[in-house]
Amino acid sequence: MDEEQVVKFVETYLKKKGFKQAELAFHEEVQKNSNANSIKIHSDPDLSNLILSLSKSGDDPGQYHEEYGKLRTWTFNSLDLYKHELLRVLYPVFIHCYMDLVAKGHIQDARAFFNTFREDHEMLHARDLQKLEGVLSPSHIQLFFRRWNLLILLGRAKSTSRCVRSLISNFLSNYQYSHELLMQHLRKTKSTTVLGIVNERINFQVSPGQPGSISDDAEVVTLIGTSQDAANKINKKEVHWGLLEDTLEDRLEKAGGLQSDTEKPEGETKDGEIDDNKKRLAEGGKQGTSVKKSKKDKPTGGSAKARAETIVVPAAPRVKPELPLPVMPAEVEQSILEDLRNRVQLSSTSLPSVSMYTFINTHNSLNCSSISNDGSLVAGGFSDSSLKVWDMAKLGQQASSSTPQAEIDASVEHIQGPNGSKRSYTLLQGHSGPVYSATFSPLSDFILSSSADTTVRLWSTKLNANLVCYKGHNYPVWDVQFSPFGHYFASASHDRTARIWSMDRIQPLRIMAGHLSDVDCVQWHANCNYIATGSSDKTVRLWDVQSGECVRIFIGHRSMILSLAMSPDGRYMASGDEDGTIMMWDLSSGRCVSPLMGHNSCVWTLAFSCEGSLMASGSADSTVKLWDVTSSTKGTTKTDEGKTGNTTGKLRSLKTLPTKSTPVYSLKFSRRNLLFAAGVLSKNV
């Protein structure tokens, strides 16, 4: 091979890659050194073969299949000491090979490549592969990345979004020798296509030394940006998961007023329920119907005895609040105490009554819903940037009191509006983008809403007006939640942070940063000393509100986290993901107590009953499921101090409540243990 051939091959390669500036610089350098001594390329056969391979056309689709197959075979046959590190490279290379084939128009070859090797990645990345499976043309690639807010196409983006952040790994951590083995293999096998992908689109963080044990899961490094040892170190921090001192439940229990249904005299229980039904029916709400149903379904005899036994759980420790909490008005305390006295005790043999609120005629514009503590108010956030609030008492006056399911028509207007029209809801306008989340304050006198316009707004349900606009996030705010005592609230955003706010300050009090992707949901602990965040990076984190530090990292989900719920005693946390999996976590140990398998689509909402014996889950599969929490977590209470890994089996599913093709957006247990659900009627389900 002479010098002219080398120059020609280099020019061809630079043109093929589109390196125009490099091509011009190369021409200038060739002209300057035209009289220099010729390079004897033929003396180095390896270099000659490499230049020849680089100069070949890169449009051959068979190269991707062949070279990836070689890398896959070599990786699986590597020594165990290095295999778990080398396996990390396969998934991003697989994605880039598929995207390159589609971008170059080799659709059939891309499908064949995808179907041949997808099985290797099904277990860890099933949800991501389902989304990529629909990318079948170059225009699809543009739409796909535009949908997920990428700034530059085909892996050159420096900031990725929800799905793609897990697809295209910008950083892989490898030890030095593992990295050298990989590069040597690619050069030796002349895998120039894969070598180009590795060099151009994957950034390696190379560390000196030998790889650790195989127990250092590669997924952990990808999900939390550090090693398993660092995660374990975080999970060793002390967490005070107990309840606050001198709660209303404690006062009522000391006064002897907190009794189960079996402990009440028969006449008292019956009269109390009748009076309560009359009161709620007079108010026009739906809880009266639910209480009637609970009375009808109440078991007697041996089942009642079993119910009383199942609610006996160890008392939660008492802790002091780290935040100054608001003072509760005396009349509100009396109202709550009245609800506690009349609370229905639930168990596996005494299931709750359920009232389902169904939105109709929303035209696919409803993004979220929220229900007040007593079920009297229902709010919906819409894509047209509006927030609408329905008063169930006013709807109850229009509908028959015997209807077990309330239908909320989002298009019909009944109440007089400002422009002379009538509407059945209160319209709250102020956001400039779709409303993604809404939450009522504990006393239902305020509503918080979050939007794509990066703001959180506080509304008054009494004045029907916007009071404050909270600005601080840089990207859409996916979720916002009031604390159990009001005044404080937490928000979760696409900017990968969660923030804690107070109603009287326009700036956040704390910023929780650490997730590697969107923070999709947030939930307060029962004692207000911690918040939990669920993210698209497939992890859940627990944060100390006083210090802003992460004190727990929960790893186990295989897709983005969409919902969180805290048990009333503060000991357990439940998380639901996009695949339909629910996991119950022990906050003290950071371990998974039990996985809950049953839903076949996204779990959008979770809620614990007031005494914590049951949990309800709502899903996009149009069902509400009730789970027995007490029997499945009973085994972990005894092993709290030491071996928390020996947990019981899966949580027992008690009942599945199907809806009329209505995906369930939100669930809420009232203080009297009535379960409210809300969703939108969908013809596509």
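In case you wondered, yes, glycine gets a Cβ from its N, Cα and C as well.
Keep in mind that TrEMBL annotations are predicted by a computer and have not been checked by a curator.
Per TrEMBL, domain 'TFIID subunit TAF5 NTD2' is recorded for 60-142. Residues or ranges marked as region 'Disordered' by TrEMBL: 255-307. Annotation source TrEMBL lists compositional bias 'Basic and acidic residues' at 261-283. The repeat 'WD' annotation in TrEMBL covers 359-392, 428-460, 470-511, 512-553, 554-595, 596-637.
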Top partner of the repeat 'WD' (428-460) among 359-392, 470-511, 596-637 - counted as Cβ pairs under 8 Å: 359-392
Secondary structure content, the domain 'TFIID subunit TAF5 NTD2' (60-142) (per DSSP, counts of residues): 70 helix, 0 strand, 13 coil
Counts by DSSP class (helix H/G/I, strand E/B, coil) across the repeat 'WD' (359-392): 1 helix, 20 strand, 13 coil
